[in-house]
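Chemist: Dropping the structure in here first, questions after.
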Amino acid sequence: MVRFLHMSDTHIGAKSLTIEEREQDYYDTFQEAVEIAIDEKVDFIIHSGDLFDTWIPGNRSMKVFRDAMMKLNDRQIPVFYVFGDHDRPRRNSESAAGIFDFLGLHILGRDEFAGIEREFSGMKVFIGGISNMKGYLRNQLKEEYKKAESASTGYKNSILISHQALDPIFIPEQCEAKVNDLPMNYSYIAMGHLHDFVEREIGPLLSYPGSTELKSDREINGLLKMGKGINVIDLDNGVASLHRVKLKKVRYQFKVESDPENYLEEIKSILDKYANAIGEKKPIVNLIINGQISMEEVYEDLKKINGAIFNRPQILKIVDMPNVPSGSSELREYFQAFLKDQKLTDLAMKVFQHTADGDKEAIIREAAGEAIDN
């Protein structure tokens, strides 16, 4: 039997413009995943893309990755990796991660499918990879999957690594390929790009392990339902079995949408509800308030809560509809009620008519004339 760890979308080096602690969060969860690999005594690691948050990572990101590779290399744990859409080198540039190939890093399929045969515990394993292909490379992707199918013929144990969004697992309009385009003669298909955990039996076992840390508040629901984690895969006689391991160093996030009267209580309520899951790190709260309240008042209120970090709150003010005389059907009366200015009402009527006529030049002339008058 062969055992390996599958992780993806670690986004090492990602930062927040407003919360300084976020950069360290991505390092923490990546390093935790590496420690899990060592504790599980895996034979190798699969990383299916977006290792770094950018194709030109900073020195601190490179140092974190170098230290991890040295630790893995000391234990003879190689890493097989494809590029995602974030860390794929531009044109003829070299890969940042590639300088650590001497520490056991194998980059597969930069511009086309590539595969490698390795032996672990006396068992031959074929590992193939295709880096992210979108834009002008999208039309090439199906052909690369066909190459992958041909290359793995004759291997009992095989793994395909790919960083793509697949229909119907993801939104069809944002996908580069369909599940049916994948080669079905692999034991395990290690996907990357989606940040939530997905496991599917499609013939072979397919999985997106998801990101190791949240990149946006769209991932909050997935975090609260399943957590963030990595996959430990046992591969034996062509059959892959998946064991999910949750990461403990993930910083929790919450989204609270409320009104000026109740937002503080709702924040306290959700923090109490998930108190046992949050862990040592203060969670981040993304607050949206619907109603009339000043930002200064909100900031003063939030100082009363010590157990969370807050992104800049959003205040969505409710705009009162103009009071139009009952039974009115005149557009001018609507403009007058809303603008409360005769001159602006005249301008609005003219711009409306020019818009209806499709006369862009007349609209520009009216606007320019108004600017000169003022």
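Glycine too: its Cβ is placed from the backbone N, Cα and C atoms.
Owing to the predicted nature of the structure, the values given are computational and were not obtained by experimental measurement.
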Chemist: Among His195, His243, which residue does Swiss-Prot annotate as binding Mn(2+) 1 together with Asp9, His11, Asp50?
Modeler: His195
Chemist: According to Swiss-Prot, Asp50, Asp85, His163 bind Mn(2+) 2; identify which of His6, His193 is listed for that same site.
Modeler: His193
Chemist: Using C-alpha atoms only, work out the spacing between His163 (Mn(2+) 2 binding site) and Asp50 (Mn(2+) 1 binding site) and round it to an integer in Å.
Modeler: 8
Chemist: Roughly how many Å separate the Cα of His193 (Mn(2+) 2 binding site) from that of His86 (active site, proton donor), to the nearest whole number?
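Modeler: Between the alpha carbons of His193 (Mn(2+) 2 binding site) and His86 (active site, proton donor) there are 10 Å.
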Chemist: List, in sequence order, those binding-site residues among Asp9, His11, His195 whose Cα sits within 10 Å of the Cα of His86 (active site, proton donor).
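Modeler: Close binding-site residues: Asp9, His11.
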Chemist: Counting only residues 6+ away in sequence within the same chain, which have a CB under 8 Å from the CB of His11 (Mn(2+) 1 binding site)?
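Modeler: Set apart from His11 (Mn(2+) 1 binding site) by at least 6 residues yet with Cβ under 8 Å, we have Tyr26, Asp50, Phe52, Asp53, His86, Ser211, Thr212, Glu213, Lys215.
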Chemist: Taking only same-chain residues 6+ apart in sequence, whose CB is under 8 Å from that of Asp85 (Mn(2+) 2 binding site), what do you get?
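Modeler: Long-range Cβ contacts: Gly49, Asp50, Asn132, Lys134, His163, His193.
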